[in-house]
């Protein structure tokens, strides 16, 4: 018990040790140590032999010993800023401003960065609520939304990084060709140049991709160490561009028309005005044209926004490096937010300066016009190559890390095990190679702008999932959701989610729909085939949301508003050992008709030494094995009767309380072990006796845990608590598969006659109607069967002791009345008349004797107050045997029988012990050698004839 509790509380207890880590960081900052540990990886790492004190080992762990070497600036700010600059800053801002105009461009930047800002808030909230390990956004989503959504979104985010890498490489290739290809800026007229063409561009892109592969094989640390230098280089080039806009004046022979732009062959150069109010006014509005790099497709708002958003999707670049960060919970929020603000200001300034200096015709027809107007053109070339190369490298590293995390988590089972085996010194070589191959495939698309739209949609879907994760966990009100980042609410999550969803379809409805469908397919596939252990270890927000909603609706479910029209069985099945009652457990699962189903069990003893966690796990495993939709309730009591009272009173919650109690029959048959029976469909080795998950079973010769008197007292308690009562016998013979395929088994039988006191009113009382309701419920499961109702005609004694001569007329009336009742209840059943009771007056005479064994017994009914005579009881047994023979003769094709159960004798009678034993013995004779049989006694109205 103690070990179990320690294991359960370990994930909660581990963060408490972080106080030592925080203290170490405080001292470390004074001496220039910086950072701090990564938390999540350390808590999962086993203690070393040198550490006798786990607290000290956890708190004082040096993050560099686990490969965590990056701080906020190098690990987050630099890769995020570089990814958000990408190819957009030097290649496509002019394309957007020239087509959409300054106003629409500013609006698009505001929309894009609003989505990014809300998403960053969600990322910061999740990342500061606990330790973030490798995998970045995938890790955060999977640990918040659960395995299915986390795995599917993580897979799509992996592809988003692959497409983003291909887009950056495509932009880099475009810059190389425009600079060193035919008519390139650095190529003299007639001089040697790089060849141009679709396949030449693919070859150059492949070379760039391969160089990125080599860098990744060396390790991400090399890129991280150089990212600061690369960012500085890009920033210098960008500031050089700003200065050039302010200094370079008007010119008409500086900006050439690209060779690939065949529509402008008649024009050799494009105009440039420098700072001009007229140019600004002309560029305020939209002038949508065609895209000369995509077969001259028309440009509109969606295409420009798709290109724009693809260039600013790098907010997850820092989160993707979470496995290398010293303190992810601190570095990710501050580094990402500062990078977002920095790039936003940079883009706004660049867009405004372009609008003030460059006519829209120039921006539409030469996407690299920044180079000719630069004070030193190589600045732009260097900026293009460094920005695109670093962005592509960041995406390639990010995709490989996500694939590595997917394989570590066994999301796709053993399918990705080779990725783990292909890891060398912490670098996922196989994951890098797979990412490289997929990037090669995407490069075959060729056009930068088409790749950009696919990239935008995939990243938006990832951002949508991130906002959804934060929104869900915020709405659940989980006490453990206490992020250090406080600048978010569920409103920001919802706005980010809706904005992302809307703009996905604005960019490209086909791409958006395809990605969502693919995501749903992955969710369903992971739900069906993924290992359940991972979901249990991570937790799932769906469980928290379901708890939140179920609690709310349970409070709204008012038992005072119950109506018989909407009655359904709410069943409590009492079992002694699951080993012996598998067919009954399976059958009741069909009988519940979408109602409440609780399996109850009473353990004799006290609470000392009982391990509830192990006990619950045992029963949950049993439910999983049986595949039934049920709850379990186990109570401990000093007697079976007292425990059953607890279960009947306390099972369920709110208005969802059991209204029907089902028990097995009290007999002397040896229980059958369905877990060990070789022909049993319930056979399993998971519950072998002697294991931790073992259910004891009474063996042949072992005594029962309670006597027959206590069993009958339980029946009386059930009826006294106004619960419907069912006793099930012979269910060890039930074979659902045989019933389904057999052509011999055809019927569900209902015997609406109280054999202890038969009367003509039996078929119409509450008990019989309850039996018919249960039979119709089972008919919905076994559609090929038919319901038979046996109308047993009786001769009732009159007040003077003679028999009614109008019995035949009464019988005809009873049949017509029963037909009318069935018609009103919409029950399709065959009525079969049984004449034995009306033909033989001895059957009716036995009613006076048999009533003495039921709840109708009274001391005054006994002759002279004596005990029940032996010969009268023997006659009663003979009577029950004859009734049993009548039922057996008609049960050859019966799958299931419902028989009227007379209420048991009251415990207040002086000779209750004898009467209860006789009552059970008579029921035993009644049900001997029958098909699976349910003895039913209903106490509430369950049928309705009204709308």
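Every residue, even glycine, has its Cβ placed from backbone N, Cα and C.
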Between 26-47, 48-69, 70-91, 268-289, which stretch does TrEMBL give the note transmembrane segment?
70-91
Looking at 175-198, 199-222, which stretch does TrEMBL describe as transmembrane segment?
199-222
Among 229-250, 405-426, where does TrEMBL put the label transmembrane segment?
229-250
Range among 487-505, 544-562 that TrEMBL annotates as transmembrane segment:
487-505
Pick from 332-355, 572-595: which stretch is listed in TrEMBL under transmembrane segment?
332-355
What else in the chain is close to the transmembrane segment (147-169), if you only count residues 6 or more beyond its ends and a Cβ gap under 8 Å?
83, 86-87, 135, 137-138, 141, 205, 208-209, 212, 310, 313, 316, 320, 388-389, 391-393, 395-396, 398-399, 402-403, 405-406, 409, 411-412, 435, 438-439, 442-443, 445, 448, 451-452, 454-455, 458-459, 461-462, 465, 469, 515, 518-520, 522-524, 526-527, 530, 534-535, 538, 540
Quick one: find which recorded stretch in 70-91, 429-451, 487-505 has the most Cβ pairs under 8 Å with the transmembrane segment (457-475).
487-505
Range from 103-126, 199-222, 229-250, 429-451, 487-505 with most C-beta pairs under 8 A to the transmembrane segment (70-91):
229-250
The transmembrane segment (103-126) vs the transmembrane segment (301-320): three or more C-beta pairs under 8 Å (separation of 6 or more)?
yes
May I ask for the residues of the chain that lie six or more residues beyond the transmembrane segment (199-222) and have a Cβ under 8 Å from a Cβ within it?
69-70, 165-166, 169-170, 172-174, 176-177, 321, 324, 389, 392-393, 396-397, 400-401, 425-427, 429, 432-433, 436, 439-440, 443-444, 446
